[in-house]
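Working notes for the structure below.
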């Protein structure tokens with residue numbers, strides 16, 4: 001289940017430190033609050049919940065089961081949206097991965113905490129979203145988004161093989177997720193069609209990478225040595241127990257091969273036969289099965305299935321290959337309205353208020369539905385030219401230029417670069433120099449949808465932990481997980497919305513603050 005070399009389990013039980021300095025990639029800004037800055041990120045909302053899980057969710061049906069437990073489809077009692085809950089037995093662990101001496105179960109539990117810590121840190125449109133964590137004497141409960149489309153594996157069984165456009169759109173999303181993971185020093189180690197889910201059965205354009213139980217943090221100077229993975233997709237260097245993050249690229253190459261011809265490059269009657277072929281690394285493009293497949297596709301497969309991982313392409317290089325660029329979707333004229341609205345909403349957003357930032361990010365990342373996010377998610381992925389799951393200054397400028405090419409909607413905007421700098425200053429909540437997926441969704445979505453009374457009430461209740469009807473600075477410090485921030489800074493944050501100067505924020509003041517940060521009108 002584990003994430004070796006990961007953050008400590010204490011990060012899961014508490015909250016992630018969000019106190020950063022003002023130095024960042026690509027952008028420099030002045031410190032506020034006497035040099036103190038508070039970074040906002042979606043992971044701060046994922047905490048181990050108190051109480052029984054049955055008080056928050058009720059079971060609809062079982063979705064599946066495995067060695068560690070089962071996955072249930074559940075509904076929220078407050079909000080009624082569907083979630084998938086991974087139920088992990090505390091008494092279960094892979095005895096083959098541990099010695100039989102002491103503290104086996106403790107080690108297993110530590111790895112689960114590490115998996116949770118990893119999932120908290122991820123914010124990408126093609127990676128599973130974690131919402132809540134519960135724990136009792138017998139089980140861990142991981143509450144995630146529910147994807148009704150099933151596994152990519154099922155699509156492969158039903159369709160046998162895919163045309164190059166469909167295959168390219170699938171691979172672009174998988175590689176984008178892997179590229180994002182690798183840039184954050186995370187290796188998945190079990191990429192396979194069973195761990196790729198579809199949001200719905202009618203579209204291949206929104207897939208999710210799931211099951212980070214074998215994932216690990218890595219460093220460039222340290223070779224991974226655990227032999228983990230699934231026979232068809234395991235890289236030869238993993239069998240030798242000396243490898244790096246490029247083992248994920250090999251797995252992607254195997255998936256791409258299967259998508260285009262319907263069978264794996266390394267087959268066999270059993271795992272032992274398959275592994276023998278993987279160890280040799282020899283595969284072929286059968287003429288009859290591959291005669292109508294482009295040379296660009298074969299070239300990319302060869303790059304990803306290069307036996308020597310030192311010579312193998314990276315996920316980013318694969319993502320920017322000729323085949324992906326030729327066959328995968330890009331921004332077109334039909335995207336004009338959504339793109340225009342997204343850029344307009346970012347321009348109008350005033351993100352100086354930290355409490356408002358935290359509230360809008362919570363609503364956008366945790367309370368919106370897949371359907372509500374669909375169009376903006378598609379635009380985000382198309383703007384993300386290098387596929388790393390983040391928008392940088394160059395990509396935002398290109399977005400403006402693309403829109404101008406369609407129609408002179410932004411003719412009054414004279415200095416695009418200056419405008420993009422302002423957008424990054426306002427929308428980059430976590431101060432990393434990029435606009436992350438959840439930041440983009442939260443700021444770009446129509447506020448008439450985002451700011452329903454129910455969602456504003458749920459956001460307010462997130463801060464009002466003692467249910468007193470007022471938000472205090474102590475509650476803010478607890479949510480942000482910061483103990484080193486000065487009292488003056490918290491007073492400033494509270495004062496952003498405290499209209500009656502009672503050193504607390506009631507619901508009416510909270511709503512007023514939220515409506516001030518951006519105009520309701522879309523572009």
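Start at 1 and count along the chain as shown; that gives each residue its number.
Using the three backbone atoms N, Cα and C, a Cβ is placed for every residue, glycine included.
Annotation comment: Swiss-Prot describes 1-36 as region 'Disordered'. Taken from Swiss-Prot, the feature N-myristoyl glycine applies to 2. According to Swiss-Prot, the feature domain 'Protein kinase' maps to 57-324. According to Swiss-Prot, the ATP binding site annotation covers 63, 64, 65, 66, 67, 68, 69, 70, 71, 86, 90. Annotation comment: Swiss-Prot describes 190 as active site, proton acceptor. Annotation source Swiss-Prot lists region 'J domain' at 345-363, citing similarity to another entry. Annotation source Swiss-Prot lists domain 'EF-hand 1' at 371-406. Positions annotated as Ca(2+) 1 binding site by Swiss-Prot: 384, 386, 388, 390, 395. The annotation Ca(2+) 2 binding site is assigned in Swiss-Prot to 428, 430, 432, 434, 439 on the grounds of sequence analysis.
Of the candidate binding-site residues, 63, 430, 432, the one lying closest to residue 388 (Ca(2+) 1 binding site) when CA atoms are compared is 432. Note on the region 'J domain' (345-363): DSSP counts are 14 helix, 0 strand, 5 coil. For the pair residue 71 (ATP binding site) and residue 390 (Ca(2+) 1 binding site), the Cα-Cα distance reads 30 Å. Taking the Cβ of residue 390 (Ca(2+) 1 binding site) as reference, residues of its chain lying under 8 Å away and at least six apart in sequence are, in sequence order, 180, 384, 432, 434, 435, 436, 437.
Every protein chain considered, the tally of other Cβ atoms within 10 Å of the Cβ of residue 190 (active site, proton acceptor) stands at 22.
On the 0 to 100 pLDDT scale, the region 'J domain' (345-363) averages 85 in this prediction. Cβ neighbours of residue 395 (Ca(2+) 1 binding site) (same chain, under 8 Å, six or more residues apart in sequence): 383, 384, 385, 386. Of all the binding-site residues in the list 63, 65, 90, 428, 430, the shortest Cα-Cα distance to the residue listed as 'active site, proton acceptor' is found for 65.
Checked against residue 439 (Ca(2+) 2 binding site) by C-alpha proximity, the binding-site residues 63, 65, 69, 90 yield 63 as the nearest.
Annotated Ca(2+) 2 site 428, 430, 432, 434, 439; additional same-chain residues within 8 Å of its Cβ mean position, judged by their own Cβ, are 390, 427, 429, 431, 433, 435, 436. For the domain 'EF-hand 1' (371-406), residue counts in helix, strand and coil come to 27 helix, 2 strand, 7 coil, using DSSP.
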